[in-house]
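Asks: First the structure, then my questions, so here it is.
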Amino acid sequence: MFTRKIQKTALAMLISGAMAGTAYAAPEVLADFHGEMGGCDSCHVSDKGGVTNDNLTHENGQCVSCHGDLKELAAAAPKDKVSPHKSHLIGEIACTSCHKGHEKSVAYCDACHSFGFDMPFGGKWERKFVPVDADKAAQDKAIAAGVKETTDVVIIGSGGAGLAAAVSARDAGAKVILLEKEPIPGGNTKLAAGGMNAAETKPQAKLGIEDKKQIMIDDTMKGGRNINDPELVKVLANNSSDSIDWLTSMGADMTDVGRMGGASVNRSHRPTGGAGVGAHVAQVLWDNAVKRGTDIRLNSRVVRILEDASGKVTGVLVKGEYTGYYVIKADAVVIAAGGFAKNNERVSKYDPKLKGFKATNHPGATGDGLDVALQAGAATRDLEYIQAHPTYSPAGGVMITEAVRGNGAIVVNREGNRFMNEITTRDKASAAILQQKGESAYLVFDDSIRKSLKAIEGYVHLNIVKEGKTIEELAKQIDVPAAELAKTVTAYNGFVKSGKDAQFERPDLPRELVVAPFYALEIAPAVHHTMGGLVIDTKAEVKSEKTGKPITGLYAAGEVTGGVHGANRLGGNAISDIVTYGRIAGASAAKFAKDN
């Protein structure tokens with residue numbers, strides 16, 4: 001094994017040799033470099049015939065022994081620069097998530113961003129979509145080879161729904177294996193920034209906010225154009241406060257309460273100071289899933305759900321990135337693999353006007369969960385309803401949380417004018433922005449809003465926020481008419497004072513924009529959420545397309561399902577959905593496994 005001293009010496013020799021003009025063929029990948037410096041043993045357990053598991057546990061341990069862990073590397077990074085080791089990602093991020101041994105290393109950050117990191121032995125990010133039924137002959141061979149492992153419950157996906165299901169199933173006494181195809185856990189949940197909608201909660205009561213679960217039901221149905229499954233919506237709202245309590249009991253901070261588009265009342269819960277909710281919730285769930293002994297496997301793609309002759313689920317076929325195909329026998333399977341917003345070919349199939357749009361999602365949101373469920377005969381609904389989030393930053397490659405608007409920001413076009421109610425539903429906001437010149441707009445806010453929402457600091461760090469000491473100076477920064485922007489802000493401040501938006505009937509007017517400096521950032525719609533998916537009941541059981549009855553042993557939760565959000569999801573309802581239905585799916589699956 002390398003010591004850190006030996007590792008540094010080896011790199012120094014490599015660099016000095018190159019600088020001295022020594023005839024030297026530089027290694028192209030990490031395996032070549034380590035092979036020269038210490039042989040395969042420097043990474044692998046040589047007597048085990050290669051890798052020991054798809055998490056590359058041993059290999060990552062070797063990396064840490066030489067280079068230090070992620071916290072050490074983050075601490076050593078320059079404080080004034082974006083560092084790949086200072087991340088919003090959750091879980092125990094492995095070195096091999098980015099640094100590959102036998103192929104070009106690729107910064108996972110580049111799946112969303114364009115930081116241009118100078119990565120050793122690096123290559124360009126690209127992701128090819130491979131159908132789950134590709135290489136069918138090899139899959140059939142693995143199935144014929146028989147069962148490799150047995151468990152009570154298999155969970156597909158490590159986002160909020162999958163992690164909530166894992167915690168819930170473990171608490172119900174089930175043995176759980178959670179499978180994640182990506183090298184990074186957390187799914188879309190780790191990217192969610194706004195909040196978690198819940199009604200009649202303790203944080204609301206403490207802040208004097210009066211809300212009712214029925215109002216949340218009504219808002220959700222109205223936002224979804226009333227095509228939601230009303231029974232699923234009732235479960236969402238009626239269990240929402242309990243889900244807040246459940247998260248809080250495990251260490252989550254959900255004490256800050258704001259408002260998202262389409263809500264009649266402040267009910268969007270998030271950490272103190274308005275920090276991003278998703279990464280926080282995902283980390284809490286991850287920590288608790290690990291604490292409970294959940295077997296979590298990354299780089300592990302489920303390519304088939306297995307059933308017996310009667311149609312009962314019997315397990316899954318997995319393709320490990322390094323270990324290959326193998327079968328896990330399970331009494332129950334929970335699909336929590338998310339939606340397909342990152343698969344534009346599929347998105348544009350259902351909604352052609354979204355062809356070529358960017359997406360706010362993580363790279364794994366390609367629709368695998370739907371594919372394996374369809375193979376198993378599952379029913380689907382509402383697949384044509386796909387949401388574009390109105391505030392995506394083209395410059396930063398990130399979604400700008402709806403909470404910026406909720407806390408008082410306005411949206412202006414290139415003429416410096418407001419053109420909509422900023423906290424309308426996402427579908428209406430996106431449509432309004434696409435009608436403006438350049439099909440984009442600007443969020444404008446002041447320093448009081450910046451100080452009210454910690455999430456904004458991340459956007460500042462990405463250098464996508466423009467700043468001016470005055471509104472007129474800010475207008476020059478974003479190239480809009482200064483007089484018009486000043487007029488717009490003055491008019492809006494008057495609406496705040498009077499308590500009524502005479503232009504666009506914005507229902508919530510939190511604050512005037514008067515505290516310098518002033519800020520703006522460009523926004524445009526991007527594909528964000530796929531409302532349609534698998535048909536489930538209130539127990540999270542997946543229904544059969546053929547019979548309309550539950551498929552025995554198959555459950556689902558989160559964005560992979562349809563019916564909760566109807567034609568349009570309200571901001572803040574996704575986290576509520578994944579936590580509440582993740583809990584239900586995990587408990588239902590565990591109970592079924594125990595009873596059968």
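Placement of Cβ uses the backbone N, Cα and C atoms for every residue, glycine included.
Quick paste from Swiss-Prot:
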type     : residues                                                                     : note
SIGNAL   : 1-25                                                                         : signal peptide
BINDING  : H34, C63, C66, H67, R225                                                     : heme c 2 binding site
BINDING  : C40, C43, H44, G101, H102                                                    : heme c 1 binding site
BINDING  : H85, C95, C98, H99, D118, Y385                                               : heme c 3 binding site
BINDING  : H88, C109, C112, H113                                                        : heme c 4 binding site
REGION   : 142-596                                                                      : region 'Flavoprotein-like'
BINDING  : A161, E180, N188, T189, A193, G194, G195, V302, D368, H529, E559, A574, I575 : FAD binding site
BINDING  : G194, T401, E402, H528, R569, G572                                           : fumarate binding site
BINDING  : G194, H389, T401, E402, H528, R569, G572                                     : succinate binding site
ACT_SITE : R426                                                                         : active site, proton donor
Asks: Using other CB atoms within 10 angstroms as the count, which residue among the binding-site residues D118, D368, E402, E559 scores least?
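Replies: Across D118, D368, E402, E559, these binding-site residues, the one with fewest Cβ atoms within 10 Å is D118.
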Asks: Write down the Cα-Cα distance for C95 (heme c 3 binding site) and R569 (fumarate binding site), rounded and given in Å.
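Replies: Approximately 36 Å lies between the Cα of R569 (fumarate binding site) and that of C95 (heme c 3 binding site).
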Asks: From the Cα of T401 (fumarate binding site) across to the Cα of H102 (heme c 1 binding site), what is the distance in angstrom?
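Replies: Spelling it out, the Cα of H102 (heme c 1 binding site) and the Cα of T401 (fumarate binding site) are 38 Å apart.
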Asks: Mean pLDDT across the region 'Flavoprotein-like' (142-596), rounded to an integer, is what?
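Replies: That stretch averages a pLDDT of 97.
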Asks: When neighbour density is defined as the number of other C-beta atoms within 10 angstroms of a residue's C-beta, which of the binding-site residues C40, C63, C95, C98, C112 has the lowest density?
Replies: C40
Asks: Taking each of the binding-site residues C43, C109, A161, A193 in turn and counting other Cβ atoms within 10 Å of its Cβ, which one has the fewest?
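Replies: Relative to the other binding-site residues in C43, C109, A161, A193, C109 has the fewest Cβ atoms within 10 Å.
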Asks: Which of these binding-site residues is closest to H99 (heme c 3 binding site) if you go by CA atoms: A161, N188, R225, E402?
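Replies: The answer is N188.
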Asks: If you take the centroid of the Cβ atoms of G194, T401, E402, H528, R569, G572, the listed fumarate site, which other residues of that chain have their Cβ within 8 Å of it?
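Replies: Neighbours found: A192, A193, G195, M260, G261, H389, A403, R426, L570, G571, A574.
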Asks: Quick check: in three-state DSSP terms, what is H389 (succinate binding site)?
Replies: strand
Asks: Give the sequence-ordered list of residues that share a chain with G572 (fumarate binding site), lie 6 or more positions from it, and have CB atoms under 8 Å from its CB.
Replies: G194, G195, M196, N197, M260, A263, R267, S268, E402
Asks: Which value in Å gives the longest Cα to Cα span across the fumarate site residues G194, T401, E402, H528, R569, G572 as recorded?
Replies: 15
Asks: What does the structure give for the C-alpha distance between A193 (FAD binding site) and R225 (heme c 2 binding site)? Integer Å is fine.
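Replies: Computed Cα spacing between A193 (FAD binding site) and R225 (heme c 2 binding site) is 24 Å.
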Asks: Please identify, from the binding-site residues G101, G194, G195, the residue with the sparsest Cβ neighbourhood, meaning fewest other Cβ atoms within 10 angstroms.
Replies: G101
Asks: Please give the FAD site's span as the largest CA-CA distance among A161, E180, N188, T189, A193, G194, G195, V302, D368, H529, E559, A574, I575, to the nearest whole angstrom.
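Replies: For the residues that bind FAD, the greatest Cα distance is 30 Å.
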